[in-house]
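Participant: Below is a structure I'd like to ask you about.
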């Protein structure tokens, strides 16, 4: 019986490390590939000068840092047990700052891209004139980065390595910081996605309603436009639905656990409960990376234009075989000559 209990205890203790090694590494590879894919597509000639593409291009750059600094240090420290942030105070401060700053910057840029699309679909010129402005996109992106830098800059000062832990200053600040993180980085994601998704779908459907009104009972515009617009509508609906589901299934558990851990911080817990909570903590933290990992793959599956440009890039750099060397040809007198050697 004791042997069984010890083996179960060892499994529970080892599980958090295994989760970070295997799931963390998978997310790191998939996230880097997805970010590079987004950079390739949104830097293409078809997308580059559009405002929403600028937002999504900058979001991909932000997410690339998110994976190659935040997730990579997590894998090394919590998976392979290499003490990085708990040994070096500057890395502790920088990582805790980046864990919230990079998240909200990426989400804000994605939000601005959705707002730009909503404005472009409005019937009123007063709203539509604010869409697809590249100069405005760069200015808003800079303001977004600086705003969140000031908002979360306190982490660069009030976090430190103490007793081999990277923790906030004890007391009121620690409680304040955890609730701010739960509200801003976790709960706001699904809420913002749902609100903007509804607004975007309503705008598209409103445009469809306007376009399908017959013009002098003739066929051309009334017959062609609705099918194209319904296709756009279905693609947007599918993309947003998938993104909303991912946001809900990853960020709400993350926020819930942050609140739970703060409420039960000073409770006396058994070794078994502590082990289970560690597994839960690692699982919900790793799940929180899925939202940024999935962006490229959702676009690739649901957006025909995005998929076409990415395929064009792959074909452009795919090695070509010179099949002419093996192709037989005829001479003037009809003799077949094989050029292969």
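Using the three backbone atoms N, Cα and C, a Cβ is placed for every residue, glycine included.
Because TrEMBL annotations are produced automatically, they should be read as predictions rather than curated entries.
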Participant: Transmembrane segment per TrEMBL sits at which of 80-99, 100-119?
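Facilitator: In TrEMBL, the transmembrane segment feature sits at 100-119.
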Participant: Same-chain Cβ contacts of the transmembrane segment (140-159) under 8 Å, 6 or more residues past its ends?
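Facilitator: Residues packing against the transmembrane segment (140-159) from afar: 54-55, 58, 92-94, 96-97, 100-101, 104-105, 108-109, 112, 166-169, 173, 177.
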